[in-house]
Structure formats: structure tokens, C-alpha cells
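Trainee: Let me give you the structure first, and then I'll get to my questions.
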Amino acid sequence: MHIGQFQLTNRLIAAPMAGISDRPFRALCHAMGAGMTVSEMLSSNPEVWRSDKSRLRMVHSDEPGIRAVQIAGCDPDEMAAARRINADSGAQIIDINMGCPAKKVNRKMAGSALLQYPDLVKQILSTVVKAVDVPVTLKIRTGWAPEHRNCVEIAKLAEDCGIQALTIHGRTRACLFNGFAEYDSIRAVKQAVSIPIIANGDITDPHKARAVLDYTGADALMIGRAAQGRPWIFREIQHYLDTGELLAPLPLVEVKRLLIEHIRELHDFYGPGKGFRIARKHVSWYLQEHAPNDQFRRTFNAIEDASEQLEALKAYFENLA
């Protein structure tokens, strides 16, 4: 699959997830088989561009693979300026967020709130596409509410504005992450436009990935929550798509290696004062299968030193062996 001039190595994309898809996580997903990774959402508000938080979220020219960054906002000119700044920093693809269901984002008329205003969507997309010569993609939901699904209308509008690929999460904003993703709307969009369509939502294992591709006709899949604590899901899915066979479960020794490497990278990236806090949620996800009683996770979350975290993890896995 191509996005503009860029050819993905496969049809699997790591989703932009706020507070999760940082540089260490993106690098790990890339190493585990993602054909592309997308940065966590960056605000287009110029007042926060120079903050440490925004700086850490930006992609840079030395990152592996295709460098894609997601931006959010509602002001067309600010969005265009954010596109230019990120392109200058090394972004090769700009993704526009019109799918985030978070209240704090929607209150600012950003994310999925924009789906209620097709005229503003058109203005934003047209302005951003014209701002810099890098491909622009769009991520949406199926609509604002089940009774107001307008993803086909938005998709046609996006194609007319020059959007190079469209990701659709199979829920409306009102659904948040409740219930199940529905794929009829994604299928309808695929049949209505000619740009690449990326299906997103509840793609949790290789069998589901194959089924969603077959049913929707989507060109690619975007995987988010299922990769939390399980970044090797990309490798598992790709192997199944290629061969029709499932990989054996990842050996515990390999889980240990990946987890400790990931936590080390988080400590280095954020610094010892913040890295240990960021690490806690990732460790919880990794160990959901291996620490079902939560006792170790509760103990781990009380640790406030990076080196002690690493020692605790090593001891934990030694006890499991």
C-alpha cells in the first residue's frame, strides 16, 4: 500500500494513542513488524508547540521507518502551521485527527466533534493539504452518533480535498469504546472512494485481522489497544496473513527481554524523574496474562526509582522461570 510517494512494508499500522504512542513505543512496534507507526496526537495550538510535552511527541528524522505525526485542532490556519513545523522536524506524513472522542478534545471543537461540521472539515483539510508538500491523511469515526453516521460523506469530501488515505474507527463518537466496532460503515466507505482505506477498531488477533480485511475490503489495518503490552501482535498478524498459520506464543524469555528493553527506553527518553511513572502502565499491560492477581503490579507501582523497577522486573521473571 502507498500513501503518497511512500510504500508501506505491509498493511499493518500502529495507531496514534495519546500518552502511549511515544517514540520508544513506536520504535518497538516498528521492530515487531508494524508497516508504519503514527505519533500520538499533537495540538495545533501554537502556544504549546515549544513545550516539553509537544517536543517529546514530535517525530524526528532519525526515527526508523515512515515518519507520520498526527495533529489535532479546529483552526485551519493553525493546523496548516502545525503541519509545516512537523514537516520541518522530519515528519513525512501528516495525519489529521477527527476521531478522538475525549471530552477535553471535543470541547475545543477538535477530534470527532468536527464530524458535525462538514464545511469546517472541508476548510481544514483543504488548507492543510495546500500548506506543505507532504502527504496528508485523515482519521475519523463513523459519525458523531449512531443516528448521525456520515463517514461516507466525510470520506468523499476528504478525497476531493486531496487526502491521501483515510482511517476509520468502527464506532461513533457517542459509542466511545463501548460495545463492538461495526464494519459495515467502513465497507461502505471503501466502496464509495478510491483513496486507500484503513480499518480500525477491535482488531485483536490474526483471525479478526483477516476477517476485517476480507469483509471491508480495506487496504490496511490500524491496531491500537491490542498492541498495548503486546507489540508483537503485528508480527503475529502478518505471519498469519502471509501463511494462514498462527505463530507459537511468544516465549516468556522473549517477553522479559522486550519488556525490560522497553522500560529502559522509557527511562532514557523521559529521564529518571518521569520515566518510571510512564513505565507503570506499560508494565501492567505486559503482565496482564502473567500476573493475574495484581499483587506484583501493585508492588511495582509503588516503586519510585528507575533502577529499582528494572531489578524488580528481573526478579519477577526469575521467579516465574
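Keep in mind that glycine also has a Cβ here, set from the backbone N, Cα and C atoms.
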Trainee: Among Gln70, Gln92, Gln288, which is the one Swiss-Prot gives for the FMN site where Pro16, Met17, Ala18, Lys139, Asn200, Gly201, Asp202, Gly224, Arg225 also bind?
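Mentor: FMN site check in Swiss-Prot: besides Pro16, Met17, Ala18, Lys139, Asn200, Gly201, Asp202, Gly224, Arg225, the record includes Gln70 out of Gln70, Gln92, Gln288.
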Trainee: Give me the non-local Cβ neighbours of Cys100 (active site, proton donor): same chain, 6+ apart in sequence, Cβ-Cβ under 8 Å, ordered along the sequence.
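Mentor: Same-chain residues close to Cys100 (active site, proton donor) (Cβ under 8 Å, separated by 6 or more) are Ala18, Met41, Ala72, Asn106, Ala110, Gly111, Ser112.
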Trainee: Using DSSP, would you call Ala18 (FMN binding site) helix, strand or coil?
Mentor: coil
Trainee: What's the number of neighbouring CB atoms sitting within 10 A of the CB on Lys139 (FMN binding site)?
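Mentor: Here the count is 26.
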